[in-house]
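Report on the following structure.
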């Protein structure tokens, strides 16, 4: 992991930055560190892979759909006309719940009824 005071390498070794280097850091990017004095640091492939790890996708949030008087949540839909329980596979495939539908990772989106 790359931080503002040093690097924990994939092999577990710690690299401590000097006080001057740490205070000159302007930006940490996926492949290196940019400093105000031009003494930039290029990360090794192993160090860069720690920075490039994909963040966990956001969890779907319960969403109130006013036109339907329904609540769409991460595990299903509760509506006056009946409830729909999502399968584990479908729930894991959800990217975004919006007022008119659900966007999925595989492109098989679900249109909500008006």
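Heads up, the Cβ atoms here are built off N, Cα and C, so glycines get one too.
Note that the structure is a prediction, hence the values are computed from the model and not measured.
As recorded in Swiss-Prot, the features of this protein are as follows:
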- 1: pyrrolidone carboxylic acid (MOD_RES)
- 1-17: repeat '1' (REPEAT)
- 26-43: repeat '2' (REPEAT)
- 70-87: repeat '3' (REPEAT)
- 95-112: repeat '4' (REPEAT)
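The repeat '2' (26-43) and the repeat '4' (95-112) are not in contact, since fewer than 3 Cβ pairs between them lie under 8 Å (pairs 6 or more apart in sequence). Neighbours of residue 1 (pyrrolidone carboxylic acid), defined as other CB atoms within 10 A of its CB across all chains, total 11.
If you average pLDDT over the repeat '2' (26-43) in this model, you get 87.
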